[in-house]
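Visitor: The structure is given below, and queries will be raised subsequently.
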Amino acid sequence: MTSVSPRYRNVPVPKVFLSFRGEEIRHGFISHLADALERYGIMFIIDKDEQRGNDLTSLLLRIKESKVALVIFSSRFAESRFCMDEIVKMKECVDERKLLVIPIFYKVRARDVSGRTGDFGKKFWALAQKSRGCQIKEWMEALECISNKMGLSLGDGRSEADFIKEIVKEVERVLATFTSEDTEDHHCQTVKLLKGLVVGCLAHQELPLVLVFTQVYYYVKFSIFFIEEIFSSCFRKGFVLKPCKEDLQINSISIPGIDLENFKNMMQQAMYELNQMLLQSLGNIDPHRDVAFENQPQDQPDSPIALPEERRVALEATKFCGHAAYWWNQTKTTRARIGKVLIHFWEKLKKKFKDTYDRTVRI
């Protein structure tokens, strides 16, 4: 079981994996470190239970989900077979350049960890006597690899509070590098996706509306009001207003510049963020309840903000896309049936705003 700190940014935030051993530091140093990471909005993964089992598949998954690992070497670290297996997996990820490890030497010397000497070495060799030769070799290589990296040490007489501040500062510095890289990658994907969606929406009038809204999501990052122009354009030109064919296969649609497998994974997050941004831009609207604009007294100071008709359609359409994204990701039906679900939501939207729909289509 792991505890993951909450999300704080739109761009996916790299997680920090904490590896340690010992009840004596769990309720002291580790708990204070975890509190500090959470205060600074740093996502982290930490095992709640001291008895962690031997599920290496789960172990590898937790490490692979992280971009940074803090290995807290203490005198008892090497007595744990599970901890030693953790750093072996970390070394594999480091070799593949998928993980950055920061060794933290908590009241142990770095050379004792690397050379398996001192109190740390005694624990290691005691464990080695109960283990296989190939396993011992992997542990030794992992210890040397990780302990020789640039790390932080807590020596005698140093304040743990100051030491924790130094650790958090270093983690923030490292994460800033990853976040910058992720933002650049995200921007490149955005440009590629936009080009493909513009061409695809023009070429395939029977595409589900969700494709258009993904396009809107990226435009809305630059200007929230651009969404009105997109809606007006879609209504006037009749894009994606026609029902899909019964045998529509989303998989068969060719959209230049789009990998549909990656697209469906990106869509749910895109729709959620679009919905949140739109709700915030439109005023005092509670996203957790349906918004009823009909017969709303507009002269009351406590009533929701009065919205133009197109914005009402925009708001409802984002709800539609949220439903569509959910079904796309959650159902196990074929993509042809998913297309029918999207059209079902679109038909409900048309009926709710029939006057607006009829007027804009005639333009």
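Each Cβ is built from the backbone N, Cα and C atoms, and glycine gets one as well.
Below are the features listed in Swiss-Prot for this protein:
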ACT_SITE  E86  active site
BINDING   R21, G22, E23, E24, I25, R26, G53  NAD(+) binding site
DOMAIN    12-175  domain 'TIR'
Visitor: Of R21, G22, R26, which is closest to E86 (active site) if I measure between C-alpha atoms? They're all binding-site residues.
Guide: R21
Visitor: Could you say whether, by DSSP, R21 (NAD(+) binding site) belongs to a helix, a strand or a coil region?
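Guide: Going by the DSSP assignment, R21 (NAD(+) binding site) belongs to neither helix nor strand, so it counts as coil.
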Visitor: Under a criterion of Cβ-Cβ distance under 8 Å and sequence separation of at least 6, what residues of the same chain contact R21 (NAD(+) binding site)?
Guide: S74, R76, F77, E79, S80, C83
Visitor: Calculate the per-residue pLDDT averaged over the domain 'TIR' (12-175) and state the result as an integer.
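Guide: PLDDT averaged over the stretch: 84.
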Visitor: DSSP secondary structure for E86 (active site), reduced to helix/strand/coil, please.
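Guide: Going by the DSSP assignment, E86 (active site) falls within a helical segment, counted as helix.
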